[in-house]
Every structure is written in structure tokens, then in C-alpha cells.
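In what follows, a structure is listed as C-alpha cells, so that the remarks can point back to it.
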Amino acid sequence: MLGLLRRLFDNNEREIARYYKQVVEPVNRLEAEVEKLPDLAAAYRELKEKHEKGASLDELLPMAFALTRESAKRYLGMRHFDVQLIGGAVLHEGKIAEMKTGEGKTLVATLAVALNALTGKGVHVVTVNDYLARRDAEWMGPVYRGLGLSVGVIQHASTPAERRKAYLADVTYVTNSELGFDYLRDNMAISPDQLVLRHDHPLHYAIIDEVDSILIDEARTPLIISGPAEKATDLYYKMAEIAKKLERGLPAEPGVRKEPTGDYTVEEKNRSVHLTLQGIAKAEKLLGIEGLFSPENMELAHMLIQAIRAKELYHRDRDYIVQDGQVIIVDEFTGRLMPGRRYGEGLHQAIEAKEGVRIERENQTLATITYQNFFRLYEKRAGMTGTAKTEEKEFQEIYGMDVVVVPTNRPVVRKDFPDVVYRTEKGKFYAVVEEIAEKYERGQPVLVGTISIEKSERLSQMLKEPRLYLPRLEMRLELFKKASQKQQGPEWERLRKLLERPAQLKDEDLAPFEGLIPPKGNLRTAWEGLKRAVHTLAVLRQGIPHQVLNAKHHAREAEIVAQAGRSKTVTIATNMAGRGTDIKLGGNPEYLAAALLEKEGFDRYEWKVELFIKKMVAGKEEEARALAQELGIREELLERIREIREECKQDEERVRALGGLFIIGTERHESRRIDNQLRGRAGRQGDPGGSRFYVSFDDDLMRLFASDRVIAMLDRMGFDDSEPIEHPMVTRSIERAQKRVEDRNFAIRKQLLQFDDVLSRQREVIYAQRRLILLGKDEEVKEAAIGMVEETVASLAENFLNPEVHPEDWDLEGLKATLLDTAPQLQDFPFAELRALKAEEAVERLVEAALKAYEAREAELSPPLMRAVERFVILNVVDNAWKEHLHNLDVLRQGIFLRGYGQKDPFQEYKIEATRLFNEMVAFIKSEVAKFLFRLKVEAEPVRPVREAPYVPVPEAKPEPSEVFGVERKRATPPPQPGLSRAERRRLMRQEKKRKK
């Protein structure tokens with residue numbers, strides 16, 4: 001194991017050494033030359049011309065990086081460090097750069113962005129929320145504009161026109177969800193002017209900020225565009241009432257109980273519930289039905305299961321909050337609210353019924369994709385985060401991305417203390433309060449991380465109400481009494497009398513008795529515990545001002561986080577992932593100055609305002625004063641910013657002397673990575689700092705995944721909440737529990753991807769062919785329509801004209817009725833004459849007749865109108881069929897695991913069934929399009945000529961089948977044979993296709 005770790009670190013060191021030689025040294029050599037350039041944009045244009053003439057991006061990297069560094073120096077007052085140049089190179093190579101908090105990931109991205117923008121295909125910088133997208137675009141905008149590049153930013157409220165313009169920019173800042181939904185909406189567009197992504201190379205290169213959050217934490221979350229589906233909502237209320245009447249029991253357990261007890265059992269690890277026989281009978285009685293799981297009642301059974309899951313597994317203020325009569329999901333990884341996102345399969349409706357709010361109608365999926373498959377569509381992708389190495393295996397296996405740990409500019413000096421473990425959650429929270437009180441009294445800033453809104457508010461309540469701490473004092477007092485019961489004498493009697501009123505004890509009351517207590521042993525331990533409890537209560541009574549940052553109180557988020565490093569500051573926050581504001585010791589003077597100027601009417605994101613603030617904070621007052629005159633900033637504002645700078649500087653020195661920012665984790669997360677993100681908020685850029693996690697065996701991680709043997713051992717040893725548990729077995733148990741959960745979650749994500757890959761291949765085919773219809777030339781659209789007509793007529797005819805059956809026995813009446821249902825224009829076709837032909841010839845005769853009827857239809861409508869009709873019909877039929885196909889795949893997936901009981905591999909079964917459903921859908925599309933094109937009545941005003949849509953080359957879809965809508969790619973078409981009619985050539989192609997099948 002040590003050898004493996006050593007090899008991993010050696011590999012990383014070798015990579016870093018390579019970057020120093022190939023990137024850092026050449027860029028540094030160019031610095032003096034680039035500093036003298038009067039026009040950086042002109043120099044950048046020269047690089048672009050070189051690239052167009054064949055120079056590779058790797059060859060142009062040193063100069064592109066040097067120009068970007070100089071642009072940042074000129075327009076932001078920031079110079080890329082050498083390690084930041086390495087980070088830029090890592091991103092350019094399509095890898096993940098692990099960079100610690102405060103190392104300037106936002107600035108690093110500009111290097112890879114500027115280099116890859118030379119292609120002219122557009123670069124997407126993907127962030128986790130609108131605030132960061134806007135902030136980073138406006139903050140880094142001057143760097144790009146200094147090179148002559150345009151910058152776009154997309155927000156949730158952006159209009160289609162604004163989105164189109166932003167995506168056409170050289171650099172686009174956008175959130176992962178907006179980008180994914182724009183992709184899905186583009187693939188539902190019915191005219192080219194509805195598209196917002198670029199027509200050519202829509203997904204060229206993406207740099208994903210907080211890449212672990214998006215590609216791992218969010219991997220199981222599908223992006224879904226949906227429309228309303230009809231389903232009665234009052235049933236959900238009824239199911240919520242029935243769920244209340246059913247009682248939770250215990251599962252069957254070997255050697256303990258043969259059968260499960262109660263009406264249902266709960267499996268928290270998998271978030272599933274199982275009705276017992278007793279529960280099924282009770283539910284049937286309450287519903288007034290028989291056979292809850294019979295086919296006709298399956299919908300009721302599903303709704304009841306979801307109602308029980310809502311009752312037992314989804315908790316208010318942890319998994320969701322209720323706000324303005326709506327159930328809003330809380331992101332379990334970031335603690336942020338996710339308005340607009342809903343649980344699927346009726347679970348959200350079940351929660352709404354449980355909470356008694358109005359139930360929104362269930363939706364039907366119109367388009368869907370997971371982040372895993374969406375980001376794999378990019379020609380090149382890269383990522384940045386503070387924590388990725390622990391998940392490197394997953395990044396490599398699923399995304400083909402290596403992780404490179406970029407060295408910090410200054411060494412990390414933060415101290416990470418061992419975990420403190422308590423038997424119960426109550427004991428753990430008392431200990432956390434004691435630690436907060438101690439740090440607050442010293443003046444050291446504290447950031448407390450919790451995993452839910454409920455826990456953050458509980459801790460806040462304990463700090464506000466000293467009476468909630470009294471049980472801890474009483475417990476400490478009992479322990480001291482027990483330890484001192486054999487002690488005798490007048491002094492001891494005085495002490496015992498004093499201790500009769502514990503709530504009124506003060507530090508000075510206990511001081512005179514210090515000499516009674518021996519320096520070591522149980523009595524000393526109990527005495528120190530009592531003194532600490534008395535002192536903590538006194539600090540709580542004086543008050544511990546604190547800020548709570550969670551999904552309920554997020555409006556002042558950036559301000560709270562920016563000032564969390566000031567002395568005597570206590571901040572309680574749910575998970576800190578994705579909170580993009582640096583915590584600077586002594587407070588963030590830049591943020592305070594920006595807030596001050598904003599109040600005075602200045603745009604804090606305007607690049608000259610930002611540059612002015614940076615110059616003032618850095619003490620470069622002459623340069624700042626010149627900018628102030630240009631911007632119209634008054635002298636008194638300069639003085640106030642100077643005061644802010646000095647206050648923060650003095651406070652920074654005070655906080656450094658106290659040990660920097662201290663991080664307290666109130667619970668270990670399922671993933672070590674999330675714990676590391678919290679730790680990483682302290683010790684930025686070589687600052688001092690510390691961290692410690694408090695854990696209890698009541699925490700979800702330990703309760704669900706820790707070893708039963710360890711818990712049984714603790715029970716036998718009689719551990720209570722008076723002191724933390726310190727044992728190597730406990731520490732190992734925590735590590736093993738986290739590893740177990742990480743492995744399990746990776747397996748789930750891998751399985752999700754396996755199943756989603758089946759859908760992904762089908763989606764790529766449908767979307768690529770759909771895009772061809774939307775953006776292709778008129779002749780390609782006509783070719784597709786004619787192909788569908790031919791395929792449909794031939795397929796219908798072959799069902800009746802069997803070559804192995806004598807022509808006299810062919811059911812020509814049935815054939816006629818079937819074909820006329822599709823193409824009424826064949827009414828006058830001489831069906832009886834077919835008996836004189838061979839089956840193949842008869843089929844071709846019918847196809848030829850259908851094509852003539854189609855040409856007549858086109859002449860009747862006019863070619864431009866016919867093309868418009870073809871586009872409209874094909875796109876609408878495809879969209880409706882795809883929507884139904886997605887529903888069918890959902891139903892298939894929900895029940896596929898039952899096939900495991902029949903000794904069949906569920907995935908293989910899913911693959912086979914999904915392929916069958918896809919082929920049926922394709923056949924249905926062709927049939928419906930043919931029927932619509934023959935039967936559609938066009939009633940319109942005199943038609944104006946329809947302009948041909950601009951032709952844009954569409955990349956080939958990778959997966960099979962390569963042809964769906966009847967458009968034969970030129971490379972797949974057999975060479976024309978002299979003397980053959982078009983129909984004969986088509987027949988040969990159909991025979992070739994059949995042979996391949």
C-alpha cells in the first residue's frame with residue numbers, strides 16, 4: 001500500500017517537474033518581451049492567424065500564457081504565479097487541477113480559456129451558481145477584453161436572444177444546469193431561430209469549476225424537461241393519511257427474529273421501505289381494495305410506498321424546506337436551496353401531501369440527460385476543485401480525466417487535529433459548544449460546519465439559550481460528586497454546600513478550592529470537567545454573537561463568508577462546497593470596500609472599480625487616486641477605504657497570533673472529499689489555521705455504516721457522554737465507514753452510467769438526425785421524407801406479399817386497406833395486377849406508385865412549402881415518439897431488477913428491451929411521418945417563398961444504427977449502377993440493410 005501511495009505521489013511530482021520545464025520556464029522567459037508590447041490584442045490576433053495556418057495550441061501555449069499573464073497584470077493588477085501557470089497547463093490538457101482554497105482558481109482558468117479560444121469555437125466556463133458565473137465573468141472580463149476576446153454570461157433569467165449572444169462570445173460563463181437545459185431545449189427546437197447554442201461545435205471545450213461537485217455529487221441527478229401529465233392529486237393526500245396509520249417495524253434478522261415486525265420496515269442505507277404481510281393487509285383494508293400489488297392496483301401500491309418513504313426518509317429542514325407553500329429541495333452536498341427541482345416518480349407529490357401544501361401535478365419527461373453523459377459530449381473538458389484526488393479513480397474510469405495536484409504558492413501550515421468521538425449526539429453538541437465558547441473568548445474566529453439546516457439551527461439555539469447547556473453542567477457535577485464521595489473535612493463540606501446550586505456557580509467560586517484537588521487522577525479529571533462546564537455557562541450567559549448561513553438564510557451569504565475570518569467571529573454554516581468567497585484572516589477589505597462603493601452607486605463589478613479597490617487595498621495609493629479621479633470617487637470614500645484596510649490589517653495580525661481561523665466539523669460526511677472542503681476553508685495561502693471534527697455514534701454515517709462490533713464493544717465498556725472516546729478501533733471505524741459509503745456510491749453512479757449509456761446512445765442518434773432535419777439542406781430533408789415513405793410502404797407491403805406464399809393466396813384486400821390508411825392517393829392503384837409479379841417486384845411496384853403520389857403531392861403544394869411541411873411533421877412526430885419512448889424506458893427500468901430473481905442479468909435484459917423499444921419507436925416514426933405527409937391538409941394564405949435554412953454540417957452520430965429517418969449518408973450509399981432506376985437502387989439498399997441485420 002505504501003509503495004502504491006509513493007508511486008502516486010512520485011507520478012504527480014514528475015508531472016509537476018514536466019510542467020515547470022515545458023510551461024513555466026518558457027512563459028517566464030517571454031515575460032520581459034511581452035511587458036513591452038503596446039497592443040496585447042494585436043499580438044493575440046497574430047497567434048490566432050498562426051493557429052489557422054496549422055500551428056498547434058501546444059506550440060502557441062507559452063506566448064498565449066505570457067499574453068494572458070500580462071493582460072491580468074495590466075487590467076486587474078494581478079500576476080499569475082508559477083504554480084498558476086501549471087494549473088492553466090493542466091486545464092489545457094483536459095485534466096483536473098486540484099488547487100487548494102485561496103490559490104486563485106478563477107484566475108488560473110483565464111490561461112486555458114485564452115489559449116483554447118484561439119480555435120474560434122468558443123469556450124464554456126461552468127460554475128455551480130448564477131452568482132459565481134456573473135462574478136467571475138465580470139471579474140475576469142478585463143483580462144479577456146485586453147486580448148480582444150468577447151465575454152458572455154448566462155443567468156437563469158436570461159432571454160433566448162441573450163443566451164444566443166452569450167454562446168457566440170469567445171468565452172461564456174454559465175452554470176451547469178443552465179448549460180444542460182439549453183442543450184436539451186435546443187434539441188426540442190422546431191426552427192433554427194430557436195437554437196441558442198452555436199450551430200457548429202456547440203460543445204467544444206468546457207472548464208468545470210467545482211468539478212467534483214458537478215461530475216460526482218450531481219452525477220445521479222438527471223436534468224429533465226417535462227410537461228404536465230394527467231394524474232389525480234387527491235390520492236396523494238389519502239396515501240399520506242394511510243402512511244400515518246401504518247407502524248414502522250424491525251426487519252427480519254438471523255438469530256433474532258424470523259419475520260419482520262410492524263406494517264413496514266425501512267432500509268435507510270438504500271432509502272427504501274418494504275411493506276410486511278401485516279402492512280399489506282392493513283393497507284388493503286384502509287383503501288377498501290383486494291390485492292394491493294395486483295396489476296390494476298400497482299399505481300396505488302407505488303403511491304403508498306412513496307408516502308411511507310416521504311414519512312420516514314425525507315425530513316423537513318434536512319432534505320427540504322417548506323417556503324411560501326412550496327416544498328423546496330435542499331442540496332445535500334452544498335446546503336443550497338434548489339427551487340424548481342423536484343423529486344421524481346411521485347415522491348415530491350408525496351412530500352407535498354405529507355406537509356399539507358398544494359400538490360403540483362406530476363410531470364411527463366420530454367427530454368432528459370445526466371451530467372455524466374452531458375459533459376462527455378464535449379470534444380474536450382477540464383476541471384478545477386480543491387478536492388479531487390480521493391475520487392481520481394472515478395474521474396479516470398468514467399470521464400477519462402487524470403487529476404494533478406498543483407502545488408500551493410506557499411506551504412500549508414494548518415493543523416488538522418484528531419477527531420473527537422462521543423457516544424451520543426447530545427454529548428457531541430455539548431463538546432462543540434464548549435470548544436466554540438473557548439475559541440470565542442480568546443478571540444479566535446470559528447467556522448462551524450453542519451450537514452443540515454436542522455443541525456445548524458439547533459447549534460445556534462444552544463449558543464443563544466444558556467439553559468440548554470445546564471444538563472451538561474449537572475452531568476459534570478454528578479461525575480465530580482461520585483469521584484469525591486470519599487473525601488472528608490470542613491473544606492470539602494463547604495465545597496459540597498456550594499455545589500448544591502450549580503446554576504449559580506461562577507469561576508471565582510471554585511478557585512479557593514483548587515488546593516483540595518490532587519494534580520492527577522480521576523478526581524482531577526472530574527474537577528477540570530466541572531470547571532470547564534461552569535466557565536462555558538458563564539461565557540454563554542455573556543452571549544456569543546454568531547451568524548447562521550444555511551439555505552434559509554442565504555441572502556447575505558457572500559458577506560457572511562467574507563467576514564468569517566475576523567476576530568471574535570463565530571459562523572455556523574451548512575456544507576461549504578461551492579461557496580466561492582475567500583475567507584481572509586482579519587476580514588476581507590476588498591469585499592468591504594466594494595460594498596461601500598456599491599452603496600454610493602458604483603458598479604462593484606466594473607473592471608476599473610475593481611482595479612481601484614485592489615490598488616487601494618494593496619497600498620498603491622497614487623495609482624488608485626488616478627483611477628478615483630477618472631471614476632469620480634470622492635476623497636472621503638478613499639479615507640474610509642484606507643480605514644477599512646488598516647482595521648483589517650490590524651485584525652489580521654491579531655488573528656494570526658491566535659492561530660488563524662479554526663474549523664469545527666460537527667459530523668463526518670459520507671465523503672472524505674466534503675470533509676476536506678470544509679477543512680480547506682482554513683489555512684489559505686499559507687495562513688495559520690486549525691480544524692477538528694466532532695463525531696458521535698448517533699450520526700447517520702456511524703449509525704448506518706459503522707461496524708456493529710465496534711458499537712457493541714462501546715456498549716460493553718459502558719462509555720457515557722462525560723468524556724470523548726479515544727481508541728484506535730474507533731478512528732479506524734470512521735475511516736472504514738467513509739470508505740464503505742464512497743465505494744457504494746461509486747458503484748451506484750457506475751451502474752447509473754451503465755444504464756444511462758444505453759439511453760445516451762439512442763439520444764445521440766435521435767438528436768443528430770433531428771438536427772439534420774432542423775439545419776440540413778432542403779434536398780437532405782426531402783431525402784429523409786422520401787426514405788420514410790419508401791420504408792413504410794415497403795414494410796407494410798412485405799407483411800402481405802410473402803414470397804413463400806402463392807400469389808393467389810395473398811390478402812390483397814387487407815393490403816389495400818392498410819396502404820390506403822397511410823396513403824389514400826393509392827386508391828386507384830391496380831392491386832389485382834400484383835398477382836402476376838414476384839413478391840419483390842410487387843413491393844417495388846407499390847413503392848414506385850407511392851413515390852409518384854408523393855411527387856404529385858409536392859407539385860400540389862409547391863416544393864418550398866413541402867419542405868417546410870416535412871420539417872414540421874418530422875420534428876413533431878419525433879418529439880412525441882421520443883417523449884413516449886422516455887416514459888417506456890422509465891417504466892422498464894423501474895421493474896427490470898425484479899428479473900434478477902429469475903437468474904437473469906438486469907442490465908443485459910434492460911439493454912435488450914431498450915433496443916427493442918428503440919427499434920419499434922423508429923419504425924413508428926417512419927410510419928407516422930409517411931401517414932401525416934400523405935394525409936395532411938394545408939389550409940393557408942397565399943404562400944410566400946420559404947427561405948432555405950442555412951446549411952450547417954452536422955457531425956455523424958457515433959452509435960448504431962447510423963440511419964434512422966431514411967437519410968442515407970453519402971459514405972454509406974452503394975455506388976450508382978448504370979441502367980438502374982432510382983427505385984431499383986433503393987431496393988438494393990434495402991436488401992443490403994436486411995442482409996446486415
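Just so it is clear, glycine is given a Cβ too, placed from its N, Cα and C backbone atoms.
Here is what Swiss-Prot records for this protein:
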- GLN84, GLY102, GLU103, GLY104, LYS105, THR106, ASP582: ATP binding site (BINDING)
- 957-971: compositional bias 'Basic and acidic residues' (COMPBIAS)
- 984-997: compositional bias 'Basic residues' (COMPBIAS)
- 950-997: region 'Disordered' (REGION)
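Counting only residues at least six positions away in the same chain, the Cβ atoms of GLY87, ALA97, MET99, ASP209, MET384, THR385, GLY386 sit under 8 Å from the Cβ of LYS105 (ATP binding site). Packing around THR106 (ATP binding site) is summarised by its Cβ count: 16 other Cβ atoms lie within 10 angstroms of its Cβ, all protein chains included. If you draw a 10 Å sphere around the CB of GLY104 (ATP binding site), it holds 18 other CB atoms from the protein chains shown. Residues MET99, THR101, LEU107, VAL108 surround the recorded ATP site, their Cβ atoms falling within 8 Å of the Cβ centroid of GLN84, GLY102, GLU103, GLY104, LYS105, THR106, ASP582, which are themselves excluded. Put plainly, the binding-site residues GLU103, ASP582 were compared by Cβ crowding within 10 Å, and the winner is GLU103. Around GLN84 (ATP binding site), the same-chain residues six or more apart in sequence whose CB sits under 8 Å from its CB are GLU103, GLY104, LEU107, VAL108, LEU111, ASN409, listed in sequence order. Within the same chain, the residues at least 6 positions away from GLY102 (ATP binding site) whose Cβ sits under 8 Å from its Cβ are ASP582, ARG684, GLN685, ASP687, listed in sequence order.
According to its DSSP assignment, THR106 (ATP binding site) is helical. In the three-state DSSP scheme, ASP582 (ATP binding site) is classed as coil. Residues GLN84, GLY102, GLU103, GLY104, LYS105, THR106, ASP582, recorded as binding ATP, reach a greatest CA to CA spacing of 17 Å.
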